[in-house]
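Visitor: According to TrEMBL:
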ACT_SITE  E178  active site, proton donor
ACT_SITE  E283  active site, nucleophile
DOMAIN    18-352  domain 'GH26'
Amino acid sequence: MINNPTQILIALLIFACSCNKSINQNPIEIELKAVKGKGILFGHQDDLAYGMNWSYIKGESDVKRVSGDYPALFGWELGGIEMKHTHNLDSVPFEYMREMSIKAYEMGGINTFSWHPFSVINGESSWNTESVVVKHILPGGSHHSQFKNQLDILADFFKSLQNKEGEMLPFIFRPWHEMDGSWFWWGTKTCTTEEVKELFQFSVQYLREEKALTSMLVAYSPDRNFKSKSEYLTWYPGDDYVDILGMDNYYDFKLGKEKQVIEKLHVVIELAKEKNKLSALTETGLSNVTDSLWFTQKLGKVLNDSLISKELSYAMVWRSDPKVHFYFPAEDHAAAPDAREFLNHPNILLLKDFNREKKQSN
Ligand code: BMA
């Protein structure tokens with residue numbers, strides 16, 4: 001019973017906080033929660049930038065060439081921006097990326113950004129694990145202020161993603177991924193679990209609080225090196241720093257171990273449910289799609305698992321660069337009909353499907 005002024009004040013404060021929370025909920029989170037169980041959003045890295053038979057033609061997309069529609073989720077890579085490069089490490093001009101990611105948002109899609117920064121200490125790429133970086137860029141480290149300068153540049157880019165009214169657009173940031181592997185300077189070869197946790201925490205806190213990036217959702221995505229919940233959480237920075245629990249996984253598919261992909265996604269999903277967070281297969285694919293039935297028979301089978309199809313928000317395949325490797329087939333490739341069939345499955349949401357489901361959930 002509320003019967004004195006202090007209790008009334010407390011009740012009002014609690015009410016105000018709860019209203020504030022729903023007002024402040026990220027639009028992407030609201031949308032993904034609203035369509036959960038209606039289908040899994042399909043994503044493709046660099047989809048609007050280049051494909052197997054074209055590059056930098058506005059409106060083009062390999063997913064659209066094959067299926068007739070754009071993906072619902074668009075992946076982008078920011079590596080190089082921290083060095084003030086005009087193009088990212090895969091030659092995508094940052095201006096083009098800005099324009100296309102705004103376009104993707106206006107069409108109803110979701111943008112997710114990865115970042116493979118060059119080391120602020122020696123300018124070496126993310127894949128150079130010869131020297132120690134993380135320890136020196138953490139608070140108190142010799143290169144901490146230079147690292148903050150890198151984050152400042154990153155924040156400027158994120159802040160420039162605005163709609164016509166000048167409001168900042170919501171987006172997903174997926175930093176320090178695959179930290180359970182040994183191939184990045186934030187990986188197991190060159191830093192401790194505590195250091196990578198602190199790096200994650202510092203980066204998110206700095207971007208959210210110092211740089212006021214309130215429209216950012218954060219994804220945590222180790223690679224496939226876990227079996228249990230506690231193993232998955234080895235590098236987890238904490239609930240305050242993460243909104244989406246993810247996994248990158250190419251290798252289990254490569255080994256033909258789809259069952260393991262399913263089991264690992266179950267671990268991710270169960271944790272996401274416990275923590276009231278979203279879950280995703282943040283990166284996957286078969287390099288050069290060498291199995292022309294991979295989409296329906298491998299990825300499709302995994303995504304059709306009953307728990308996964310009910311809970312997982314999105315699955316994203318990696319980029320299609322004719323000079324390096326491709327994870328989505330060109331329209332004239334032997335795997336294209338199968339990819340089309342996979343994308344036509346009611347369980348997979350392309351952009352129009354996603355927009356329709358959002359409308360219906362309103
Ligand atoms: C890797 C490869 C590289 C690329 C990097 C960052 O998986 O595609 O060619 O530079 O991602 O996008």
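If you go along the chain as it appears here, the first residue is 1 and each next one adds 1.
Placement of Cβ uses the backbone N, Cα and C atoms for every residue, glycine included.
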Visitor: Return only the integer: C-alpha distance in Å from E178 (active site, proton donor) to E283 (active site, nucleophile).
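Guide: Rounded to a whole number, the Cα-Cα distance is 10 Å.
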Visitor: Only counting partners 6 or more residues apart, tell me which same-chain residues put their Cβ under 8 Å from the Cβ of E283 (active site, nucleophile).
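Guide: Correct list: Q45, G75, H177, S221, D248, N249, Y250, M316, V317, W318.
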Visitor: Within 10 Å of the Cβ of E178 (active site, proton donor), how many other Cβ atoms can be counted across all chains shown?
Guide: 23
